[in-house]
């Protein structure tokens with residue numbers, strides 16, 4: 001089903017007893033959250049089960065009124081991701097949804113032909129994976145290892161595609177929508193030449209997606225084995241991170257004890273001083289590759305109508321982007337200095 005067809009269909013008014021009975025072709029939402037997570041969502045995300053479908057319908061109505069050509073999926077479960085990511089603030093959830101589509105349409109190198117089989121070499125390299133066990137807060141830990149990437153094999157955008165698909169898979173879970181995720185990035189062996197691929201354009205795009213263009217709650221970013229060069233990169237990027245996100249970055253160096261204060265050894269592989277055995281990437285790779293048809297179906301609903309353009313739907317300001325460009329332009333000299 002397309003976003004256009006949904007928006008042209010008459011929608012029931014907000015607060016109607018059963019929105020789904022008016023839309024028989026839309027999957028009916030069934031909450032999968034445990035009682036504890038329902039309570040957590042109420043306390044942390046302002047989510048009230050008794051108002052949930054009313055809130056979803058309100059967001060759907062806003063999309064149809066303000067962005068009728070957005071070409072988005074309007075299923076309850078899909079829209080809930082954006083409401084939860086913005087604590088059920090309708091306006092901020094709408095902006096996030098528009099930014100989500102703008103990001104996808106403005107970076108074709110990353111989002112064209114985006115499917116698990118297309119990034120199989122990245123998965124097999126072990127650049128990105130998800131640890132098998134959740135942390136004590138019920139959060140998945142996404143493990144990123146840049147040293148596994150050989151730039152001569154494929155461009156950096158392939159790594160970004162793999163990370164994006166990993167996040168798309170994780171956010172399908174309502175538990176992840178409520179609990180968020182934790183990132184563990186191991187920068188062991190990252191050289192200046194490899195770091196130089198993460199230039200101003202890529203940096204701005206990635207920051208934009210993670211902060212304002214994807215419905216996921218990043219609760220902590222743990223950096224380990226970072227070389228001196230990373231401190232130079234982070235010093236340049238930090239001004240463009242929202243304060244809340246910047247405060248969730250933890251630079252541990254080679255100190256495993258410091259890492260263990262944030263991520264308990266019981267869920268970490270041996271490579272990081274943990275007791276969960278050797279790091280095994282096969283289980284996550286198999287899960288992601290087995291989701292090919294699901295991704296093809298989901299992404300087929302996110303189409304760019306012929307009468308609209310990414311620029312028409314861009315919410316963030318051009319001035320902020322120019323400031324980011326100007327400030328990041330001096331990255332390379334500073335990287336050489338730090339190195």
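Using N, Cα and C of the backbone, Cβ positions are placed for all residues, glycine too.
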Given ranges 1-27, 28-54, the stretch to which TrEMBL attaches the annotation region 'Disordered': 1-27
Average model confidence [pLDDT] within the domain 'CRAL-TRIO' (115-280): 93
